[in-house]
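Visitor: The substrate binding site annotation in Swiss-Prot covers Met36, Gly187 and is backed by sequence analysis. Positions annotated as ATP binding site by Swiss-Prot, on the basis of sequence analysis: Lys112, Ser160.
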Amino acid sequence: MEVLKRENPLIHMITNYVTVNDLAQVTINYGGLPLMATHHDELKEITKMANGLLVNIGTLEPYQMESSMISMKIAKEKGIPSVLDPVGVQASKLRRDFAKKIILEGEPSLIKGNLAEIKTLIGETSNSIGIDSFEDSLSENTKNKIKEYARERNLVVVVSGVVDFITNGEESASVKNGTYKMSKITGTGCMLGALLTLALSFYDHKDLRFKEVVKAVSTWGICGELAEERLREKEGLMTFKHNLLDELSIINDETIKEREKVIYE
């Protein structure tokens, strides 16, 4: 965590307009420098200078889709770690087709999604309405399919949920940190995508990257727990959100080690 803050990685984000400010703030709080660019005249230049790339498909439109594809291909060519957040991929054919195309041609380093989103990518039926997932358990059969998916594509898959699941096809981990209130705040999953991009941006070594990804997932959950513990009587979700971002800006390795609930498989 401290090393990330000293390095201040530059993170290029092509994201949705619902959570764009929150993603920028989370990136700053976790020690990075956010930059959002979609104009084709500057896209190549900015992507090449970045330490990490995040593509979030929450609010798709044609120009953004083209920008996302251009940036992802540049990241692939230059060896820049990239994260794809296929928000609501289960909701429409457009999202499914675009996600499959950018995964095939852009080869992201990591895919992060809730269980409904990830099940859609691996070809399973999901329980959802719109972009909201109502999946609450991850079967061993689905776990094995996710591992195979990650291994075949040489990437990390992060499945967010009550228990988060992370795998690169060879190593896997479950994280039990977090609180139900995080699911009631718009964009906590998107914000996790920013943290994961930061986690990847520091290390070149695959094993170190995997451990840093697991740490980022656990850290975000711990921040949620601490944010909830700070709530007073009659303080609701907006105070919780403020506390969540606040905790991310002050959390340290000692607190993470004391509170992390990680099981490696």
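Note that Cβ sites are derived from N, Cα and C of the backbone, with glycine treated the same way.
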Visitor: List every residue in the same chain as Ser160 (ATP binding site), at least 6 positions away in sequence, whose Cβ is under 8 Å from its Cβ.
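Guide: Correct list: Lys112, Gly113, Asn114, Leu115, Gly189, Leu192, Val217.
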Visitor: Taking every protein chain in this structure into account, which of the binding-site residues Met36, Lys112, Gly187 has the most other Cβ atoms within 10 Å of its Cβ?
Guide: Lys112
